[in-house]
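Asker: According to Swiss-Prot, the record shows the following:
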ACT_SITE  His104  active site, proton donor
ACT_SITE  Glu434  active site, proton acceptor
ACT_SITE  Arg619  active site, proton donor
BINDING   Asp347, Asp368, Ile369  NAD(+) binding site
BINDING   Ala393, Tyr398, 432-433, Arg460, Asn492, 526-535, Tyr613  UDP-alpha-D-glucuronate binding site
REGION    1-304  region 'Formyltransferase ArnAFT'
REGION    314-660  region 'Dehydrogenase ArnADH'
SITE      Asn102  site 'Transition state stabilizer'
SITE      Asp140  site 'Raises pKa of active site His'
Amino acid sequence: MKTVVFAYHDMGCLGIEALLAAGYEISAIFTHTDNPGEKAFYGSVARLAAERGIPVYAPDNVNHPLWVERIAQLSPEVIFSFYYRHLICDEILQLAPRGAFNLHGSLLPKYRGRAPLNWVLVNGETETGVTLHRMVKRADAGAIVAQLRVAIAPDDIAITLHHKLCHAARQLLEQTLPAIKHGNILEIAQRENEATCFGRRTPDDSFLEWHKPASVLHNMVRAVADPWPGAFSYVGNQKFTVWSSRVHPHASKAQPGSVISVAPLLIACGDGALEIVTGQTGDGITMQGSQLAQTLGLVQGSRLNSQPACAARRRTRVLILGVNGFIGNHLTERLLREDHYEVYGLDIGSDAISRFLNHPHFHFVEGDISIHSEWIEYHVKKCDVVLPLVAIATPIEYTRNPLRVFELDFEENLRIIRYCVKYRKRIIFPSTSEVYGMCSDKYFDEDHSNLIVGPVNKPRWIYSVSKQLIDRVIWAYGEKEGLQFTLFRPFNWMGPRLDNLNAARIGSSRAITQLILNLVEGSPIKLIDGGKQKRCFTDIRDGIEALYRIIENAGNRCDGEIINIGNPENEASIEELGEMLLASFEKHPLRHYFPPFAGFRVVESSSYYGKGYQDVEHRKPSIRNARRCLDWEPKIDMQETIDETLDFFLRTVDLTDKPS
């Protein structure tokens, strides 16, 4: 059977050997050039291919159309990937009529993504394994063909576990490759609700945070021990590496990072103590702990730190454009609750953020993004994370001011995105549930649902299309220029400070604010086209917690992801929303200050929004990506959100001229 192989590392070598032993004909092998900054302790796929007389290639981008065409000319019946480090495009996967299969170093669906060998040790797992699975467009998500479990011993380190996984992989392939060849395999779909995903690790990720428990730090040492770069710490400005360690249940009142003793070299942790068994200074030699202590000049009571003493101990700088808006002001509140963020904000007003103006870690400038371009560029360069939250996002404006929607939502934001590319800054961009348009899927999925909009003569879609286009531009910058990004799509977030009643008076507000204004003024609640359109309403606190976790980006799991943030359990029609709001209004303690309820009135969308409007019947999110990347679930019931939103707006009304 003819195959094309994508391979690297020891797993790549053993995978090739297993294919040849099983009688496969390998037409070509694709691999990588070695990274000079990486310690090459593993076998060379290129050398093995040359020794076996198999054509071998190492293109920078195997997914380029020219390479896709060359692979197509090889007419592979089946494709295999063994630790190839780049995603293989769907066009290549579809070339093999018998399918494509990947060897992954974990028990899928657990530990999808990068560096599973290291992550299982970091997380203190007692079991892992190897999985052969069918390749699909999404990484590590295809049906499982075979798995073998591997026990992780307490004394395993990265290299010993690597050898165990290689041994298991040989066994797995010996058992499974003949079955694939003869078309005799049983595939089991992965359970998405059990999936976890982890990002790539870099040497800088392995610093020892002494406030953590000793067991956690010991697991870090195990996970990156030689030949990996090693866990590290500092004495003053001098860096040293810890190659091996032991956990001591030492009860000490010493501050975390303090040296308890030098022989053995024992360091106080957040819980217990860590013995440094072996280590080395800088580019020196490996030595046992007490000698390392002597070399570093450590004595009892000395303090270690996770970064150089001279390093700037600064907070993560977050730039929020549109900081006075609904999301911006709530996000600012959440960030300032922590002690490691500095927030820089720009907006044309400050009423919603007045409570932060005297906060020492909040810096605000009043201005317009279309005018303050120099200020914005300077702060993009200065900050670590950029959130451009400025947009026109009220439906009536889509038909009333379509060109202004395009200019602000696309053109102004594109300039900010290009600043992020220029200065290599992380951007977290607010897409919208509107991009799904008239999609007919039961659940709108970030990776699979089609984005369907109406004809050009319906200007209502200019917001959706502007947002979709900028999503695609960001994605392209990520693919081609290495832009670090996350796109998030809010689904009908509600809560205090959503719009204001003055905006509702001119029709430029979200649905619930407009309904509250009707109740406050004693005017009929207008149900556009009967109010049967269904939406999934999400409490702002749930939404902000998800957004905060995107900013935190644990394990880089959010990089390059599109994440719906909504509550599929809080689905209701606009009519049902109005009824729930009315019930809450009638029992509110301030109810007697307001006029009698004037009833519901059905109106046509064209008379309310103007010519060129189309509505969407339903909009329910899949939150699979949010669960996978953020470990997040929405928790707050819709009635609680309605009650709190109504209460907030009623208490903003001047009651001095109202009858008591």
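Note: Cβ is positioned from N, Cα and C throughout, glycine not excepted.
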Asker: Roughly how wide, in whole Å, is the group Asp347, Asp368, Ile369 that binds NAD(+), by largest Cα to Cα distance?
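Answerer: In whole numbers, the farthest two Cα atoms are 8 Å apart.
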Asker: Between Asp347 (NAD(+) binding site) and Arg619 (active site, proton donor), what is the CA-CA distance rounded to a whole number of Å?
Answerer: 30
Asker: Distance check, please: Cα of His104 (active site, proton donor) against Cα of Asp368 (NAD(+) binding site), rounded to an integer number of angstrom.
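Answerer: It is 49 Å, counting Cα to Cα.
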Asker: What's the CA to CA span in angstrom from Asp368 (NAD(+) binding site) over to Asp140 (site 'Raises pKa of active site His')?
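Answerer: That comes out at 44 Å between the alpha carbons.
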Asker: Look at the recorded positions His104, Lys532, Arg535, Arg619 and tell me which residue has the greatest number of other C-beta atoms within 10 angstroms of its C-beta.
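Answerer: Buried the deepest by this measure is His104.
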Asker: Of all the recorded positions given, Asp140, Asp368, Glu434, Asp529, which has the fewest Cβ neighbours within 10 Å once its own Cβ is left out?
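Answerer: Among the recorded positions Asp140, Asp368, Glu434, Asp529, the sparsest Cβ neighbourhood within 10 Å belongs to Asp368.
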Asker: Can you list the residues of the same chain, besides Asp347, Asp368, Ile369, whose Cβ falls within 8 Å of the NAD(+) site's Cβ centroid?
Answerer: Leu321, Gly322, Leu346, Ile348, Gly367, Ser370, Ile371, His372, Val390
Asker: Which of the recorded positions Asn102, Asp140, Arg619 has its Cα nearest to the Cα of Arg535 (UDP-alpha-D-glucuronate binding site)?
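Answerer: Closest candidate to Arg535 (UDP-alpha-D-glucuronate binding site), judged by Cα separation, is Arg619.
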Asker: Could you round the CA separation between Asp140 (site 'Raises pKa of active site His') and Asp529 (UDP-alpha-D-glucuronate binding site) to a whole angstrom and send it over?
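Answerer: With the alpha carbons as reference points, the distance is 44 Å.
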Asker: Are there any residues in the same chain, six or more apart in sequence, whose C-beta is under 8 angstroms from the C-beta of Asn102 (site 'Transition state stabilizer'), and if so which?
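Answerer: Same-chain residues close to Asn102 (site 'Transition state stabilizer') (Cβ under 8 Å, separated by 6 or more) are Phe80, Ser81, Phe82, Leu132, His133, Arg134, Met135, Asp140, Gly142.
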Asker: Does Ala393 (UDP-alpha-D-glucuronate binding site) have same-chain partners at least 6 apart in sequence with Cβ under 8 Å from its own Cβ, and which are they?
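Answerer: Long-range Cβ contacts: Asp409, Thr432, Tyr463.
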Asker: Report the nearest neighbour of Asp529 (UDP-alpha-D-glucuronate binding site) in space among the recorded positions Ile369, Glu434, Arg619, comparing Cα positions.
Answerer: Arg619
Asker: Roughly how many Å separate the Cα of Ile369 (NAD(+) binding site) from that of Glu434 (active site, proton acceptor), to the nearest whole number?
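Answerer: Distance between the two Cα atoms comes out at 23 Å.
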Asker: Which whole-number value in Å describes the distance between the Cα atoms of Lys526 (UDP-alpha-D-glucuronate binding site) and Arg619 (active site, proton donor)?
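Answerer: Roughly 21 Å, rounded to the nearest whole number.
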Asker: Near Ser433 (UDP-alpha-D-glucuronate binding site), which residues of its own chain have a C-beta under 8 A away, given they sit six or more steps off in sequence?
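Answerer: Residues satisfying the criterion: Phe444, Arg489, Pro490, Phe491, Asn492, Asn564, Gly566, Arg619, Pro621.
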Asker: If you count, for each of the binding-site residues Asp347, Ile369, Lys526, the other Cβ atoms lying within 10 Å of its Cβ, which residue has the minimum?
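Answerer: If we count Cβ atoms within 10 Å for the binding-site residues Asp347, Ile369, Lys526, the smallest count is at Lys526.
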Asker: According to DSSP, collapsed to three classes, what secondary structure does Ser433 (UDP-alpha-D-glucuronate binding site) have?
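Answerer: DSSP assigns Ser433 (UDP-alpha-D-glucuronate binding site) to helix.
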